[in-house]
Amino acid sequence: GNILDDYLRTDGVWILTRNKQFYTTNNEKECAEKCEAERNFNCRAFLFTRKILQCLTLAENAKMTVMFNSTDAVLYEKKIYLLQCKRGIGKDYRGMEAKTRRGIPCQKWAEKTPHNPNYTPEKHPNAGLDENYCRNPDGDESGPWCYTTDPATRFDYCNIPECEGQCIQCNGEDYHGGVSRTESGLECQRWDAQEPHMHGFTQKHFPEKDLKMNYCRNPDGELRPWCFTTSPTKRWEYCNIPRCPTHQAVSARGSQCLSGKGEAYRGRIAITESGTACQHWDTQFPHRHGWKPDRYPCKGLEENYCRNPDGEKRPWCYTINSSVRWEYCAVPHCGGTELEIAGMSNVPVQVPLSEECYRGKGQSYRGTTSITVSGKKCQAWNSMFPHRHEKTPERFPNADLRENYCRNPDGDNSPWCFTTDPSMTWEYCNLKRCDDHTEE
């Protein structure tokens, strides 16, 4: 295969490094060959400048030093040094974990105290025995290990997660694995890069979504983890990560009463607050919808029980009344009183069904759709990149400008959003009006 397939490419950046060697080469492949043949240090990356065809082999990568913009430079980092997970027994693990599974710091491989090592960088130059990082130089079946700094414990194993065989629970919202290719085999673009695709999904704007490296993630409630691709002609794509074979029954975990917005409610109430029976989630009559149990396996969409899969004010359901698409349910509060439950019926029904449709001009739409009519992803409302704007949550506090969900804060014809495509400032969203009858 192509020697560059083993490297992660980032255009327009430079990194500060102490250990480097200069070479003159004709292209990136020749520079990669210099990195592979480097004997002065472990070559973790190389920089190639296109104008003067200069090649710099580096002992550091972007995880170990400072990175800044440099228009003409291209950074190539060896993927093996970026992985924080192990494949098989981890003989090729080159991550930066430096403590044992019990939390004891590792001893440096080149030091002789408190333990005199059998495995040293001199004896095993190709085993990656750098600093005090966990390694597996002897092919131990139990995986990477290290000598410890505890005089009473000569060595111990490290807790390194598996790369292969990872799977997703639910829709992969909590997936933190190291898969970095899409289902068609394209390499993922780094989340902190804006080439070849500019976007607003950054660690700064989504700090809780673990947008590290170029790993597949699901920061916006998609059906499964995805990433922007390094192909200029394919903006984003889902990743091929298998579902875990078993997961805890959704009915077994969850609440039988209303706590917060009731997203964890797994009780069996199946009547709306007006007394109308709920439509079964696995049927499309009398109302067509997208909340299908097989698409959202952890939302508890069983039978026709009231649920809150989309972060509404409280549990709801579609109704069997063809003229009333959906309605809230009267679920008792945890530790609440009958008066509290009775008072719930006075809460006005303002919001149409999340994700599926909107009423009027959609100013009351509070769903989680974040895709435009042409398939572009929405820019986060609190982000100014790639488009600067004045539609911020602070200026429109009543418009519910959360995450990158479609909204209509300014009374436009229908819900819309700014897009993550630099060439398209904004676009209407892929939503229908609730009174557009699409069913037969």
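Every residue, even glycine, has its Cβ placed from backbone N, Cα and C.
Taken straight from TrEMBL:
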| type | residues | note |
| --- | --- | --- |
| DOMAIN | 1-80 | domain 'Apple' |
| DOMAIN | 84-163 | domain 'Kringle' |
| DOMAIN | 166-244 | domain 'Kringle' |
| DISULFID | C167-C244 | disulfide bond |
| DISULFID | C188-C227 | disulfide bond |
| DISULFID | C216-C239 | disulfide bond |
| DOMAIN | 256-334 | domain 'Kringle' |
| DISULFID | C257-C334 | disulfide bond |
| DISULFID | C278-C317 | disulfide bond |
| DISULFID | C306-C329 | disulfide bond |
| DOMAIN | 356-434 | domain 'Kringle' |
| DISULFID | C357-C434 | disulfide bond |
| DISULFID | C378-C417 | disulfide bond |
| DISULFID | C406-C429 | disulfide bond |
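Where TrEMBL records a feature, it is marked here on the structure.
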| residue | record | Cβ contacts under 8 Å, 6 or more apart |
| --- | --- | --- |
| C216 | disulfide bond | Y175, G177, V179, S180, T182, C188, P225, W226, C227, C239, I241 |
| C278 | disulfide bond | A270, I271, T272, N304, Y305, C306, C317, Y318, T319, I320, C329 |
| C378 | disulfide bond | S370, I371, T372, N404, Y405, C406, C417, F418, T419, T420, C429 |
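Counting in whole angstrom, C357 (disulfide bond) lies 31 from C334 (disulfide bond) by their C-alpha atoms. The Cα atom of C167 (disulfide bond) lies nearest to that of C257, taking the disulfide-bonded residues C257, C334, C434 as the candidates. Secondary structure of the domain 'Kringle' (256-334) per DSSP, as helix, strand and coil residue counts: 0 helix, 16 strand, 63 coil. Summarised as a single figure, the pLDDT of the domain 'Kringle' (166-244) averages 86. Helix, strand and coil residue tallies for the domain 'Apple' (1-80), in that order: 16 helix, 36 strand, 28 coil [DSSP]. Here the domain 'Kringle' (356-434) has, by DSSP, the following mix of helix, strand and coil residues: 0 helix, 17 strand, 62 coil.
The two recorded residues, C257 (disulfide bond) and C434 (disulfide bond), show a Cα separation of 30 Å. A gap of 33 Å separates the Cα atoms of C434 (disulfide bond) and C334 (disulfide bond). Around C334 (disulfide bond), the C-beta neighbours below 8 angstroms that are at least 6 residues distant in the chain are S255, C257, L258, S259.
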